[in-house]
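These notes concern the structure reproduced below.
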Amino acid sequence: MSLSILGNSSHSCLFLFSVFLSLETMGADANSTFLDSEFRYVLFPVVYSIIFVVGFFANLYVLFVLRCLREAKAMGEIRIYMTNLTIADLLFVCALPFWIGYYRRKGDWVFQDFMCQLAGSLFFINNYGTILFLGAISLNRYWAVTRPLDAASSDHRRRGIIVCVVIWVFTISLSIPFFTGPGTNDDGNVTRCFEAYHNQTEDEKIKVAIIHFLIIAMFFVVFFLVVVCNFLIARNLLSQSMPQGVKRRALQLLLAVVGVFVLCFMPHHVVQGPWALAVLNIKEGWGHVNWSQDTRQALNDAHQITLLLMGFNCILDPVVYFFATRKFRRFIVEHIKKLSRGEACSHSENIQVIFEFE
């Protein structure tokens with residue numbers, strides 16, 4: 001998972017996207033050295049193992065619930081967004097065992113190069129797919145609150161499918177550079193996965209930095225959209241005469257969605273800009289920084305922590321679903337009650353539970 005800076009313009013693109021998931025190599029000149037954060041070899045296997053177990057079963061259960069809602073023809077467009085986001089989470093979770101083994105072996109990739117490329121692309125697709133799907137869910141909830149009659153009388157599943165296709169095509173297209181060059185490289189007695197650093201020309205570095213900051217800007221645009229939508233949702237509901245429970249859940253949804261962005265994605269995109277400039281080490285002009293080795297090490301350590309936080313979105317997304325719609329929330333509550341009483345809940349009973357809360 002590291003930074004790859006290769007010597008031609010097409011491979012510059014590979015570096016740009018590798019940077020989003022790497023535990024990178026840093027260097028100041030032609031004699032650049034690998035700057036490591038040793039704590040990751042202990043911390044990452046433990047945390048990723050927790051994310052794998054919790055995320056795998058939580059997202060499988062979410063798919064079960066969404067399947068029942070589909071049979072009951074409930075939730076429509078938002079169910080489509082939630083289903084696709086859950087699939088993205090499961091794809092990333094399924095790649096975690098490879099990263100767990102990688103860090104347990106102190107950064108030695110023993111699998112094929114293709115698996116390194118695939119694991120890297122799934123990391124990228126999950127994180128930026130999650131950002132865009134949460135943005136779509138926020139827009140859907142805002143539209144449902146501000147135009148309830150239109151939302152209730154219209155079938156917008158086709159729109160949901162189109163939006164999801166666009167998001168998948170966009171994120172997969174951005175991940176293609178992972179497969180345009182080798183993901184692994186030899187480093188002494190070990191084989192690194194996306195952890196190689198080579199010098200580029202100053203012009204190439206500046207281009208990479210500019211494009212990189214544009215992608216960071218994309219995140220903040222989506223984040224601003226999510227915050228505004230959820231703020232307007234909460235303000236609209238709080239201004240209406242409705243039970244306190246409904247208002248409380250509206251605020252909980254706001255906190256859940258914004259919380260995922262702030263906890264999982266915000267730290268990474270705040271640190272990523274300075275960290276990328278430290279790695280690129282542009283000698284002069286735009287993007288030039290003159291940081292000490294201690295500062296570079298601190299940025300690298302912080303970057304590792306932010307990468308870890310991004311992985312938590314896989315187990316926090318189901319929390320967002322719980323507060324997103326009443327049907328989803330009540331189905332889960334009733335299903336858990338049945339299971340706690342030792343009652344088998346058949347498929348027909350599952351659908352009946354949904355209709356009881358229409």
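We number each residue from 1, going along the chain as drawn.
Cβ atoms are placed via backbone N, Cα and C, with glycine included.
Because the structure is a prediction, the values reported are computed rather than measured.
If you check TrEMBL, you get these features:
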type	residues	note
DOMAIN	58-321	domain 'G-protein coupled receptors family 1 profile'
SIGNAL	1-30	signal peptide
TRANSMEM	43-66	transmembrane segment
TRANSMEM	78-100	transmembrane segment
TRANSMEM	120-139	transmembrane segment
TRANSMEM	160-179	transmembrane segment
TRANSMEM	209-233	transmembrane segment
TRANSMEM	253-271	transmembrane segment
TRANSMEM	305-324	transmembrane segment
**Study point:** Contact set, same chain, for the transmembrane segment (78-100): CB under 8 Å, 6 or more residues outside the stretch
**Key:** 1, 44-45, 48-49, 51-52, 55-56, 59-60, 62-63, 66, 69-70, 111, 115, 118-119, 122-123, 125-127, 129-130, 133-134, 136-137, 140-141, 144, 157, 160-161, 163-164, 167-168, 311, 313-314, 317-318, 321, 324-325, 328
Point to revise | Mean of the pLDDT scores, which run from 0 to 100, over the domain 'G-protein coupled receptors family 1 profile' (58-321) | key: 83
